[in-house]
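What follows is one structure encoded as structure tokens, with my remarks underneath.
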Amino acid sequence: MILLISDLHLEEERPDITRAFLHFLATRATQAEALYILGDFFEVWIGDDAMTPFQESIARALHALSERGVRIYLMHGNRDFMIGQTFCHKAGCKLLADPSVVQLCGEPVLLMHGDSLCTRDEGYMRLRRLLRNPLSLFVLRNLPLATRRKLARKLRNESRTQTRMKASDIIDVTPELIPGVLAEHRVRTLIHGHTHRPATHDLEVDGQPAKRIVLGDWDRQGWALQVDENGYHQAPFALS
């Protein structure tokens, strides 16, 4: 059995989500072969050199799960794309490229965070290209901590404002893009997060049935996708 989650947006200001996640790690996740976290694990991440005691505690909890033999994979999201190898070492997890094709219960599956699929949001896509540029990342990682914190607050506030102002379809995945993405990677299943719109979308690629599974975000409730010999099953659960 394999579990996939995304968009927890962990932060000290949401202890209810943190408690639910720690409970998830100590119970359901212990039964899994692997746990995949597909981005926006943290609400903000300004660098491994700026880890807070809160973030350190999350790393320890993940490491405890890895010591039980559960493989943990972490993918960058748009909020935490500066997570590096120092955190992954402390957490006992492996950083997973976006996109990645992995084997889930014998089937090749494409995993993505999902923000790169929202191509109608042209302003965000320009910002994404700028921030993910290797030179930009080098500069960001070498800014003083105070500057990084200020910049992170500014970007987060602007993101929230823009999300409220933009039309719903603009900040969602561009559906016409999906068949081509699946065909390019030679898979029939795509799993991603980012949009906070949990659902399974059936489609057709080269005359064959395919599907796009969107992971739910942890806010009013938690979400996890379970993959096993019976297929794919995603369901919400209470945070408390």
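Just so it is clear, glycine is given a Cβ too, placed from its N, Cα and C backbone atoms.
Swiss-Prot lists D7, H9, D40, H196 with the feature Mn(2+) 1 binding site, giving sequence analysis as the kind of evidence. Just so you know, the Cβ of H9 (Mn(2+) 1 binding site) picks up 20 other Cβ atoms within 10 Å once every protein chain is counted.
DSSP classifies H113 (Mn(2+) 2 binding site) as coil under the three-state reduction. Per Swiss-Prot, Mn(2+) 2 binding site is recorded for D40, N78, H113, H194, and the stated evidence type is sequence analysis.
Here Swiss-Prot flags N78, R79, D121, S159, T163, K166, H194 as substrate binding site, drawing on sequence analysis. Within its own chain, H194 (Mn(2+) 2 binding site) has S6, D7, G39, D40, G77, N78, H113, G114, D115, L117, C118 as residues 6 or more apart in sequence whose C-beta sits under 8 angstroms from its own.
In this structure, the binding-site residues under consideration are N78, S159, and the one with the smallest number of other Cβ atoms within 10 Å of its Cβ is S159. Residue pair H196 (Mn(2+) 1 binding site) / R79 (substrate binding site) shows a Cα separation of 14 Å.
The binding-site residues considered are R79, H113, H196; of these, H196 has the fewest other C-beta atoms within 10 angstroms of its C-beta. H9 (Mn(2+) 1 binding site) and S159 (substrate binding site) are 14 Å apart (CA-CA, integer value). In the shown protein chains, 25 other C-beta atoms lie within 10 A of the C-beta of D7 (Mn(2+) 1 binding site).
Close to the recorded Mn(2+) 1 site, the chain also has S6, L8, G39, G77, R79, G193, H194, D217, W218, D219: residues not among D7, H9, D40, H196 whose Cβ is within 8 Å of the site's Cβ mean position.
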